[in-house]
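Asker: Summarising the annotation, Swiss-Prot assigns active site, proton donor to 414 and lists similarity to another entry as the type of evidence. If you look up Swiss-Prot, you'll see 34, 265, 360, 387, 464, 472, 523 marked as substrate binding site. Residues or ranges marked as thiamine diphosphate binding site in Swiss-Prot: 74, 123, 124, 125, 162, 191, 265, 440. Summarising the annotation, Swiss-Prot assigns Mg(2+) binding site to 161, 191, 193. What Swiss-Prot records for 34, 265 is site 'Important for catalytic activity'.
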């Protein structure tokens, strides 16, 4: 492995050392952070950003730029240093000095919604690799639609040993290898150090063999040899497969006492060691000062991308006006005008057809109407296509050799699927959605949480949403999952009660450009309760009266999804006993709680008896109906039996709801 001292400094070294010392100084000033990776991977980043990557700091969101994902998000100062050095205007030296401080553009881990030039938020290891897979998929999908003269770029990721230890890396590697994502290149910072010590204490996997077995091209280079790094990257660009490049590096490169040790991973070097490191690498500039030669070299590299961007703009301008407008619309994320008509049409069909339909089937019906109207939608499923009903009529499957389709077979890779959808949404130009069993949303949770944090439009169709799925039993019956999903900030959770509400919830999900959505759908058939087929979206209110009382309400029943029809039955029982009863359908806690307090109070009403019913745990309901309301639902795991027997066994019946309301009236 190369070893460079102050006596053998090259121009490359000066550029790489600028990264190292900005990272060292920022971590020291913050008294917090991870200097080891930026010091060790500086040579990789320098080659990539000065010799290979296609980008223009003056246009951070240029659609045909190459994407770079720092999967090892703890090494954020590597990326912040590069952005500052390359000329991203907002990442000033003052922001570098404010590393990890409240309100800075340089938070502890990269956040794409905070800092221009950051393609995705990373930090939870493994997420970045799988997100990069989604970005590479988006590039192929859009190129198939608009041509390679408009869409032709690479996705690069820098991953750590920890990234490759995470299970999601295998899901991502399998999917990328199968789809032959040749424009995906992952650089592995192979420093053989983990927080606890050498990686050998916890693993001995041959990572290159693992990725090769998944269909990847692989290479191993000295991560401190710029010529070897460049050659490997050029070979990767020419490959017909995704590529993993193992870059053997020394963590904390240049530190006389801490290089190669876990001690440099997540702690400041300390003043004495910084002085020694400056001497070892021949860096005489004081803290946060980049010598003119190094800064000029970096700024020239950043400015070099302008020509590629302008050439792309010229090619794009030569395309027909209608095609340009469609591409720009999709990248901007605006919806076509045809969506509203499609939603009304599916409502009209539902009302005309009537009958009981599982909301998973309702969702399929909606997709048949809206996917032709919104061609940027790209669906998929985790090997449950026929159960989730996420493949619209006429949808063509994506294959390794043909990305003109709009449906992706993700296989049993829920976590990788969710993260890949994040990457597709971040890329822009597509609206990803996919299906899975609701109970397995636990497998998706880290990626769903990141989508919510980033505010990305990603749609999760989660079916088989309760004990109503029946015989498969408690391993597959969600009980706590609604509460768990509702606990994620900025995630829109919607549980429609029939086909009309399902159509409305799909419309809301598509219109929610700044947050992900989860559509919670039933396996069992549900009666049509809504008979209006207008453009008015009642579900957007979050909660509304779906059945009025015969007089001043003495009881108010609140329900979601499959339990709304049960509440309607209970209301009829109560009305038969002379108790005027109303029913409120709550399509979404989040939408309801966003309404003004006075509006919420009006919907909840002042009936002396209030009962909420949902085939799930109570957690979260008190914020809607108050702690004094009765609740009919689950307090344990489910069981294996037909759905109707399970509802009776667990006491989730119209009779029980009515009884609880009468109990409350007697106590009033």
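Just so it is clear, glycine is given a Cβ too, placed from its N, Cα and C backbone atoms.
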Asker: Under 8 Å Cβ-Cβ from residue 161 (Mg(2+) binding site), six or more apart in the same chain: what's there?
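Answerer: Result: 188, 189, 190, 191, 192, 193, 194, 199.
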Asker: Tell me the coarse DSSP state (helix, strand, coil) of residue 440 (thiamine diphosphate binding site).
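Answerer: Reduced to three states, the DSSP call for residue 440 (thiamine diphosphate binding site) is helix.
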Asker: Tell me which of the recorded positions 74, 125, 414 ends up closest to residue 265 (substrate binding site) in space, Cα to Cα.
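Answerer: Of all the candidates listed, 74 is nearest in space.
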Asker: Count the other Cβ atoms sitting within 10 Å of the Cβ of residue 74 (thiamine diphosphate binding site), across every protein chain shown.
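Answerer: Here the count is 23.
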Asker: List the residues of the same chain that sit at least 6 positions away from residue 387 (substrate binding site) in sequence and have their Cβ under 8 Å from its Cβ, in sequence order, or write 'none'.
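Answerer: Sequence-distant Cβ neighbours: 360, 435, 437, 463, 464, 523.
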Asker: Residue 472 (substrate binding site) to residue 74 (thiamine diphosphate binding site): how many Å between their Cα atoms?
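Answerer: For residue 472 (substrate binding site) versus residue 74 (thiamine diphosphate binding site), the Cα atoms are 41 Å apart.
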Asker: Name them in sequence order: residues not among 161, 191, 193 whose Cβ is within 8 Å of the mean position of the Cβ atoms defining the Mg(2+) site.
Answerer: 40, 160, 189, 190, 192, 194, 199, 249, 251
Asker: Measure between the Cα atoms of every pair in 34, 265, 360, 387, 464, 472, 523, the residues the record assigns to substrate, and report the largest value in Å, rounded to a whole number.
Answerer: 49
Asker: Whole-number answer please: how many Å between the C-alpha atoms of residue 74 (thiamine diphosphate binding site) and residue 34 (substrate binding site)?
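Answerer: If we compare the Cα positions of residue 74 (thiamine diphosphate binding site) and residue 34 (substrate binding site), the gap is 6 Å.
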Asker: Would you count the other C-beta atoms found within 10 angstroms of the C-beta of residue 125 (thiamine diphosphate binding site) for me?
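Answerer: Excluding its own Cβ, the number within 10 Å is 22.
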Asker: List the Cα distance (Å, whole number) between residue 440 (thiamine diphosphate binding site) and residue 34 (substrate binding site).
Answerer: 34
Asker: To the nearest whole angstrom, state the Cα distance for the pair residue 34 (substrate binding site) and residue 125 (thiamine diphosphate binding site).
Answerer: 14
Asker: Using a 10 Å radius around each Cβ and counting other Cβ atoms from all shown chains, which of the recorded positions 414, 472 yields the largest count?
Answerer: 414
Asker: Closest to residue 414 (active site, proton donor): which of the binding-site residues 123, 125, 162, going by Cα position?
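Answerer: Given the candidates 123, 125, 162, the nearest one is 125.
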